[in-house]
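*Asks:* According to TrEMBL, the feature active site, proton acceptor maps to Lys64, Tyr293. According to TrEMBL, the N6-(pyridoxal phosphate)lysine annotation covers Lys64. According to TrEMBL, the substrate binding site annotation covers Arg162, Met341. Among the features that TrEMBL reports, domain 'Alanine racemase C-terminal' is placed at 272-401.
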Amino acid sequence: MLSGSFGRTSCEPSFGKWHYFLVLSNQSLTTPQAEAVIDLDAIGHNVRVLRRFAGDAAVMAVVKADAYNHGAVEVSRAALAAGARELGVTTIDEALQLRAAGIEAPILTWLNTSDADFGAAIAADIEIGVASVKHLNAIASAAKAVGEPATVTIKVDTGLNRNGASPLEYPRVLDELVRLGREGTVRLRAIFSHLALADQPHNPVVDKQRERFLDAIAAAKARGLVPELVHLANSASTVTRPDMQFDMVRPGIAVYGLSPVPELGDFDLIPAMSAKARVALVKEVAAGEGVSYGHEWIAPRDTVVALLPVGYADGVPRLLGGKFDVLLGGIRRPAIGRVCMDQFVVDLGPDGGGVEEGDEAELFGTGDRGGPRAQDWADTLGTIHYEIVTGMRGRTVRRHVGGEETT
Ligand SMILES: *Cc1c(COP(=O)(O)O)cnc(C)c1O
């Protein structure tokens, strides 16, 4: 049926439709029980929204942690096609994975142990974030071994007190960079820092970090080290603080369509990940019967339930048990009883609502059709949506849709 309605013989044999056909036909053979569907058109939309916020500043799409579990290669391509200029990752391995996929855009890696394979990063033209003299010297040795200069970006600590060169270390890093620059082994490209309270845009700590950042830039310039660019803003600052944009912004979560400051709205972003599962079983449960381990839910009347084959091993937190809904058969229906390792149960009501085995339930998504969003899970659990989307795993199979503009 699918091959009859799509394909090269259609009157408009565009590549987009052909691509759609391939995706659908593949899916029809092997639809997984649980999926994380990633909408690459939403990624493109979100990057365009962020570019509008960024004004003259460039956008570095942060694609660390496999693009917040959305698929680093696919997301990077979609983000670059939508106008992101650079990519940011945590480790050298993450950066090399993008290079191996043929991505040529500038990539910055910012968190590595000092024995990391800096030589591989230099050879692949990956920019390395440095926060200490020890790291810098390791990078310089690698550059000598490779026979090419390393390009580095200084990560300066302006108050997060996590990664970044401390106020004591920073001048030493600068001095060492001057020396290595003369030697020709290391080239400084940029200076950056990371904010501690960006999701509270008017917190004075944000302003303090901005001031310290300006001081750090001035200290570098005083030594003759003039960075090509400087950058400070994450998603939250990108959409709330135009004065934090500098030469480039580094949004992560907003690229995936999740609001960096939920109290202030959605900023026109579209959630890119939808978590779905297909009903494995529909059955009757008599009034007074308990459902799932511990019998925490007792049927108040004769009812019909649906079993969804996805559990805490797949990223549905056990702590959500009895506290969430799914979109199934067109409406929100309550999940009942405990979430187990592999499954949980949904109450369909006495008439079963017409739900059948094989029907698809949306666990979270855009919220457009009235369904739940990752934000809802986060609110219920007292955590942040970052942890929800990065947590989908186990037997959850990722599938990308859209993104024709990148192919
Ligand atoms: C993760 C990260 C970002 C992106 O943060 P979001 O809050 O997801 O926008 C930016 N910069 C650095 C250094 C990061 O580690």
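Backbone N, Cα and C define each Cβ position, glycine as well.
Quantities reported herein were computed from a predicted structural model and do not represent experimental measurements.
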*Asks:* Tally every other Cβ atom lying within 10 Å of the Cβ atom of Tyr293 (active site, proton acceptor).
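*Replies:* The answer is 12 other Cβ atoms.
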*Asks:* Using a 10 Å cut-off, grab the number of neighbouring Cβ atoms around the Cβ of Met341 (substrate binding site), all chains included.
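*Replies:* A 10 Å sphere around the Cβ of Met341 (substrate binding site) contains 12 other Cβ atoms.
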*Asks:* List nothing but the one residue from Lys64, Arg162 whose Cβ has the fewest other Cβ atoms within 10 Å; the candidates are the recorded positions.
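*Replies:* Among the recorded positions Lys64, Arg162, the lowest count of other Cβ atoms within 10 Å belongs to Arg162.
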*Asks:* Between Tyr293 (active site, proton acceptor) and Arg162 (substrate binding site), how many Å separate their Cα atoms?
*Replies:* 41
*Asks:* Across the domain 'Alanine racemase C-terminal' (272-401), what are the DSSP residue counts per state (helix, strand, coil)?
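*Replies:* Taking each residue of the domain 'Alanine racemase C-terminal' (272-401) in turn, the totals are 27 helix, 47 strand, 56 coil.
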*Asks:* Measure from the CA atom of Arg162 (substrate binding site) to the CA atom of Lys64 (active site, proton acceptor) and give the result in Å, rounded to a whole number.
*Replies:* 17
